[in-house]
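One structure is given below, encoded as structure tokens.
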């Protein structure tokens, strides 16, 4: 580490001094709901034998991921609202970025794995148990975590080798790639090129795989002769489809917006959606729309 900077300042929402207390209360409620919802799903999947299936194994992985995801960003943000101290040490910033990038990568791959599971359940129901066996479930889940870790490790390693001289202010509420490297006085071409390439493999490939899975699912559902059969088949993947739509829509808006000062506020707003709101709504989507989860919850209560 050749950095001359020992800490950064996360500007966050500091330009809204009147709203610091309301924002603190809002994000505190979101954090509490997120943690409660995701931990509840983890407990239900572990405790209820009827939920020991591939779909719920991947769902418990997702809940574990989003519990860690929220805990990477929100505690520091809440502390800055309460104390006004927006500084973050260089090592903490790199660690926060590493965990954030790691978990985003895992979520992209995990959503793709879940779409493949739904494809097998709808399109190949007679072979589902044979194809989606326990070994394949473990291998797919482990592959998602290892892939996310590898991508994040390489990008963070390149970022940590850069020299950060004079700039200390990061115009965001957590350490994210573009605002951080703007503070570097090194040549950023290699780091940006590698990051773009690895981000594409981590987001675009899983996204295209997910879209392809759902195209095949929709074609299969439309071929079912009865309306009841179509409704039943669609209900098995509707929760996951909503989750995928919310996640990729907000993620796309963040990274497609021009990186100019006038769009900074929009960038932060959409970042709030996919880093803070999405982890909160995911357990709500699955508990409210899923009969098996609701039944397991009633049984445990």
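Glycine is no exception: its Cβ is also placed from the backbone N, Cα and C atoms.
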- prompt: To which of the residue ranges 171-196, 197-222 does TrEMBL assign the term transmembrane segment?
  reply: 197-222
Message: At a Cβ cut-off of 8 Å, and with pairs 6 or more apart in sequence only, do we get at least 3 pairs between the transmembrane segment (197-222) and the transmembrane segment (94-116), yes or no?
response: yes
- request: Report yes or no: does the transmembrane segment (54-74) come within contact of the transmembrane segment (269-288), defined as 3 or more CB pairs under 8 Å with a sequence separation of 6 or more?
  value: yes
Beyond the flanks of the transmembrane segment (269-288) by 6 or more, those residues with Cβ under 8 Å of it: 27, 30, 33-34, 37-38, 40-41, 59, 62-63, 66-67, 69-70, 73-74, 100, 172-174, 176, 239, 242-243, 246-247, 250-251, 253-254, 257, 294, 297
- prompt: Which whole-number mean pLDDT does the model give the domain 'G-protein coupled receptors family 1 profile' (37-286)?
  reply: 87
